[in-house]
Each structure stands twice: as C-alpha cells, then as structure tokens.
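J.: Have a look at this one before I ask anything.
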Amino acid sequence: MPPGILTLAADKATLSPANTGFMLICSALVMVMTPGLAFFYGGMVRVKSVLNMLMMSFISLGIVTILWVLYGFGLAFGTDKGGFIGWDGHFAGLSGIGLTELWGATTIPVYVFAVFQLMFAIITPALISGALADRVKFTAWALFIALWVTLVYFPVAHWVWGEGGWLFELQVIDFAGGTAVHINAGAAALGVLLVVGKRIGFKKDPMRPHSLPLVMLGAGLLWFGWFGFNAGSWLGNDDGIGAVAFVNTQVATAAAMLGWLAYEKLRHGSFTTLGAASGAVAGLVAITPACGAVSPLGAIAVGAIAGVLCAMAVNLKYKFGYDDSLDVIGVHLVGGVAGSLLVGLFATGGVQSKAKGLFYGGGFDQLGRQAVGVVCVLLYSLVVSYVLAKVIDLVMGFRVGEDEEVAGIDQAAHAETAYDFTGAGGGSIGRKGPALGEALTKKVDA
Amino acid sequence: MKLITAVIKPHRLDEVKDALQAFGVHGLTITEASGYGRQRGHTEVYRGAEYTVDLVPKIRIEVLVEDADAEELTDVIVKAARTGKIGDGKVWSIPVDDAVRVRTGERGPDAL
C-alpha cells in the first residue's frame, strides 16, 4: 500500500471488475504461500518433526483468519488514532461493510482489500516458526501467534500501510512488506529465540534437511504466490505499476538465486539444491519492499546483493551460537533490511513514488527514511516478541520436554508421524495384511 | 564348508554375479547394506554447515561353498568387484559347521 495512492485518483473511483478479479486472484496466490512456506520449512527439518513444522504454519491460517475478522482488520486499517493504531467500528467482525463499498480511493471493494491483507497477516507469524523448529510446545506457539499478531503485526501494518500510520506519513517505502512482514518476522524470531534457546544437539548432531524435494516444492510455491504478494500490492493495475512489480519480482529472484549459488560454489565447492531454494527466497524477500520503486536493472542489483548477503548471513548463527534453525534471521531479517535500504539507493523516482534513491540523484533523503523504518520496526518487534515469549514461557513453558524433543515432536504433539517406514522395502514381514487379496480372488471366482 | 561374505559397491553386483555363475556357484544371497571403511563417507554442506554422511550404500553377498573352492572363489569375487578406487569393499570367509537343504533335508556338502 504505497504512499500516495490516495492522490492518484482525482475523480470519485468506481468499482473496477478487472481490478477486483485481479485482486481476488492475487489474494488466493498469497494464501498459497503459507502452505508453500510450510513445505519449504518442512523439508529442511528432520524426519521426526516434519509434521510439527508443517502445522506451525498451517495453524496460522486458522488463528489469524478469525482474529483478523474479529478485530485485526480494524486495528490495522481502521481510522488512524495518533499514528500508532487504527480502529473502525464497522470493520469489527467485517460486518458493517457494504458489498460494493470501495477501499479508499481505489477501485476495489473493502472486502477484497481486507481478504488480500489477511493473507499477509497469516504468513508473517508463520515465517517466525522456522527459527523454532523441533522444540516448542504447539499450544505455546498457537498462543504466541494470537498475541503476536495482536500486539505486533496489526499495529506495525498500520504504521507502514495504514493511512495516518506514522511510517506511512514519513513516506517510508514498503511496497509489499519488507518492513511490515520480513523485518518484523525476522526480528520476532530473534526475540523468541533468546527465550527458547537452542535445540538439543545444536552444532553436534547432524540436522540436515530430510527432504530437499519438499524444500524445492515449497520454494516454487512461494515464488509463484509471491507474484500475488507483490504485483497485487498496488491494488489494481490501471497504471501499469503492478506489472512493473511483477517483472521486478521475477528478475530479482533469479538474480538472487544465481548470487547465492555462485557464493556457495566459491565458498563450499558445490551448487546445492537448498542454496538455489534459499537464494530464490532471499531475492523474493529483498525485492518485496523495492519492487514498485526500482527498474528491472535495479532489481537485478537488489537480488544479487541480497542473494550473496543472505548466503553469508546464515553462517552468523554458528558464529554467535544462537540456533535460528532454518535461518529466518539470515534470510528474512537480513533480506528485508537489505531490500528496504536498497530502495534508498535504487529508487528511480519514476514509478510508485517520486522519491529518488542515492544512485538516481535523490541524495540521502529516502535512504534516511528507509533506515528509520527498518530500525523502528526491528526494535519494536524484537522487544515485544521477547517479552511475549518470556511471559508465555513463565506461564506455561514454551519448550517441550527433553525426552519429547529427542524422540521427535511429531509423536508427542500430534500423535502422528510423517512417514511409515514399517513396510519399507516391499511389504510387511510375518504379518498378514487385511484380506484384500482374498476379497479380490473371490470376486474373480464369482 | 565355508561362508564367503563380500561387501561390494552396488554397481559391481552384476559383474560379481556373472563371475560366480561362471565359476559354477549354484546359489547366493544378496542384502542391501550400508557402512563405511577406512575412507569413511562423504561430507555435504547445507547453508554453510558441514555434515558428515558416514554410511555409504553397499551390497552384501553371501555364498556357501565347499572348503576346496573357498580360496579360488574369493579371488574370483575380488577380481570382479575391483574398480581400483576407494570404497571397493571387503571379502572374508568363515567356517560353517553344517547346512541343510530345507526341501529335502540333505545335509553338509550335499545341501549346497
């Protein structure tokens, strides 16, 4: 929700069927990112906790949807109260909204805008879960999501995108969520990590990904859904800016994947599958705030820089000894910070906003604004997430027991396992299966 | 009688099987196995973290033979399984007290 969108339509807007349809499709695309993320993360953990990893994302689809309808949309996008939060009585329960009531000066209904934004609110807490793989109580996590979106995501979304929000008024550019989504989630991951601590065996036991094909599938779904995330964030495409965002998304992601792969080939000797998937995600993260402000060539630069930077950043956890299991900080926080700041360098001034970056003759103005956005969201999310996690830890305990963690959280938390290995290698030995064979024979005889 | 056990690289299985057949061995048992020898396994690097994968896939072949054939057959297997590269495997033999053909009840060398 780009600054200045309200000034674009001078005449009273009318509902555009094309933009409405486009935005409903974009909303569905953003929805698919959450299951995509679940598989991206799920493939990276060990066999014994893959279901829990999937569920930590999926549960967000349940919890956040309900809270969004009840009060989330009102808090994030209701009438501004002092720049820090919004509220609008007729948004509560999404019940006082007219079918053809338009969102601000746009050409899409409020309902469409609300559901599009809902998908952002769902995936953001799900992103945090990657830092907490294998070791947190599912109930504690569910409670954390509910509290976190209420106290962190809804307000921050208002700051950045809500009319009257203080970062919005400061004209910080965050096209589709570099600060509100990725820095926000990455900083939260760090905050919770400081409370939850490392996995048993971190740095000692091998914890390599159990299914790289799942990781690739998840990354592919994320990439696909991200077109809705970015191209949809202009809320219509009457002036072609949504299309620029789409192109930049593709270009930056490609460049970031190549950047990450080149870095790891030089550093470790091979092009890994996980590197390709991670590089793509890093590029998607970095271009998210920038895709409406830069040119396709600028997008190549943003992607390539973010790809290499994130590939370097994921090693930090070994250096500093915090167990950011699936690199939420290394990819989302670092990628989000990189993308948000690079807007201040590469913004052309000819697209989403008139603001020019340093390399386009705009001086340090926009870079300074971007830095304020980055630092404020980072600190707010870090501190509030830490306090929330601490309170949950004191009240109910955030971690599972040691024995449950070692045996695998899937069985303990969900009474299921992802894969059945008992019949591996061609069927059960010494056990008579159900009488399927007999039944078939009888049928043939008859 | 001797039980000859060979742990070899999976892709040499066909050569070893053919060589055993040419030698006149009537039966053998094959198991998919995994393990490592002196060279250990290999390493993989994911997102900067290095993981050692010790267990390498192997094929384990077991053949029962008469004492007189044991040494020559060992050589036959070694020749067929060798690639000259690291991880070619190992062959050993141990004495066997008795063997029974389940279908007929024949014992000792008759059961082979």
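Each residue, glycine too, has its Cβ placed from N, Cα and C.
From TrEMBL, for reference:
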DOMAIN    A:22-419  domain 'Ammonium transporter AmtB-like'
TRANSMEM  A:20-41  transmembrane segment
TRANSMEM  A:53-77  transmembrane segment
TRANSMEM  A:108-128  transmembrane segment
TRANSMEM  A:140-161  transmembrane segment
TRANSMEM  A:181-200  transmembrane segment
TRANSMEM  A:212-229  transmembrane segment
TRANSMEM  A:241-263  transmembrane segment
TRANSMEM  A:270-290  transmembrane segment
TRANSMEM  A:296-316  transmembrane segment
TRANSMEM  A:328-351  transmembrane segment
TRANSMEM  A:371-389  transmembrane segment
J.: Taking pairs 6 or more apart in sequence, does the count of Cβ pairs under 8 Å between the transmembrane segment (A:371-389) and the transmembrane segment (A:181-200) hit 3 or more?
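T.: They do touch: at least three Cβ pairs between the two stretches lie under 8 Å.
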J.: Answer with yes or no whether the transmembrane segment (A:140-161) touches the transmembrane segment (A:53-77) by the criterion of at least three Cβ pairs under 8 A, sequence separation 6 or more.
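T.: The answer is yes, given that the two segments have at least 3 Cβ pairs within the 8 Å cut-off.
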J.: Can you tell me the mean pLDDT for the domain 'Ammonium transporter AmtB-like' (A:22-419)?
T.: 96
